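Report on one structure; see the data block that follows.
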Amino acid sequence: MKALAKLKAEPGIWMTDAPIPEIGHNDVLIKIHRTAICGTDMHIYQWDEWSQKTVPVPMVTGHEYAGEVVAIGQEVSGYQIGDRVSGEGHVTCGHCRNCRAGRTHLCRNSVGVGVNRPGAFAEYMTLPAFNLFKLPDEIPFELAAIFDPFGNAVHTALSFDVVGEDVLITGAGPIGIMAAAVVRHIGARHVVITDVNDYRLALAEKMGATRTVNVSREHLQDVMADLNMSEGFDVVLEMSGVPSAVSEMLDVINHGGKIAMLGIPPEEMAIDWTKVIFKGLTIKGIYGREMFETWYKMASLIQSGLDLNPIITHRFKIDDFEQGFEVMGSGQSGKVILDWT
Ligand code: NAD
Ligand code: ZN
């Protein structure tokens, strides 16, 4: 089968011929229809420090996907050949305390599809049946292929009550933009989103942000004055991983505010803890998606009218994957879809 793999410990990704993987008793074999390129795939492509420490070579990468079940392990029940699926990219251990308590998203031994085990940039992939999410008929493969990052957005956006609240989202990457769409859809009042990239801010505005702020030109304090927000934001979703965005956010959040942190800072990051203390803030770290509550919420949000389509800005046939990686790396895109059919 065709597979896109990290074959060498240097920048790049290569199309290769790999054997169709064999399934274990508890696995299914998925024929991949669509995949999407994640920021993580870009890090692995560029072969940054994190990738060098984390990803064994050779490795088939990719973890944003949707496809159909074409083979089923003998212990698997509840699925049929032909089922349309996406699936959770964190494969959990099942025996740690959190797994046994049903809090599998907090598994301390989770293994990443396309990072630590063969991924979805291939014509076929195996996955434990536990990880599958069966797709409602009305959700097309290309939308389901971005359920992994959409799930990051939904998990973060639903971490605190945002109904009627003023929400700040720092970072209008694909995940920040989808989070803006979600909080707007479920009834936030002001949805202010920051970035330094005008292309992405324009996309955020199209998808539900009520105010976009290019922090290289505008100050958040001025925007708040414009919006008559005298006290500050009630909820902040940190989706940039950029230290200056984090310190600014601590200035503009109201007392008693809630912060959900998704963005991953490149290195250890200092903040002014006195603001956390004297403002009585609550900070929650977010990793991945809740299994599988976030997945049900994603499907239901789309079924209740949330339009995610604008976030998909580019589509390529798999043989043109280099173009896909190029666009994704340019910053002038939302999600980029690769078609394996
Ligand atoms: P992304 O890199 O596309 O988005 C980050 C955005 O932040 C970019 O658009 C960038 O221009 C913007 N930015 C740069 N400087 C800024 C500033 N000063 N203020 C505001 N924004 C600024 O990434 P993404 O795929 O949308 O993911 C968002 C973040 O979440 C990344 O840090 C990613 O590593 C992280 N992430 C975390 C998890 C998790 O499970 N915790 C999962 C996926 C991604
Ligand atoms: Zn576990």
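Cβ coordinates are placed from backbone N, Cα and C, and glycine is handled just like the others.
TrEMBL annotations: computationally assigned, not manually curated.
The candidate list Ile175, Ile186, Ile302, Ile311 contains one residue that TrEMBL assigns to the NAD(+) site with Asp195, Arg200, Leu262, Gly263, Ile264, Ile286, Tyr287, namely Ile175.
Listed by TrEMBL as binding Zn(2+) 2 are Cys93, Cys96, Cys99; the candidate from Cys38, Cys107 that the record includes in that site is Cys107. The 10 Å shell around the Cβ of His43 (active site, charge relay system) contains 17 further Cβ atoms across the protein chains shown.
Checking each of the recorded positions Thr40, His63, Cys93, Cys99, Cys107 against Ile264 (NAD(+) binding site) by C-alpha distance, the shortest gap belongs to Thr40. When every Cα pair among Ile175, Asp195, Arg200, Leu262, Gly263, Ile264, Ile286, Tyr287 is compared, the largest distance found for this NAD(+) site is 23 Å. Note: Glu64 (Zn(2+) 1 binding site) has non-local neighbours Thr35, Ala36, Ile37, Cys38, Gly89, Ala120, Ala145, Ile146, Phe147, Asp148, Pro149, i.e. same-chain residues 6+ apart with C-beta under 8 A of its own C-beta. A distance of 38 Å separates the Cα atom of Asp195 (NAD(+) binding site) from that of Cys96 (Zn(2+) 2 binding site). Here the candidates are the binding-site residues His63, Cys93, Cys96, Cys107, Tyr287, and by Cα distance the one nearest His43 (active site, charge relay system) turns out to be His63.
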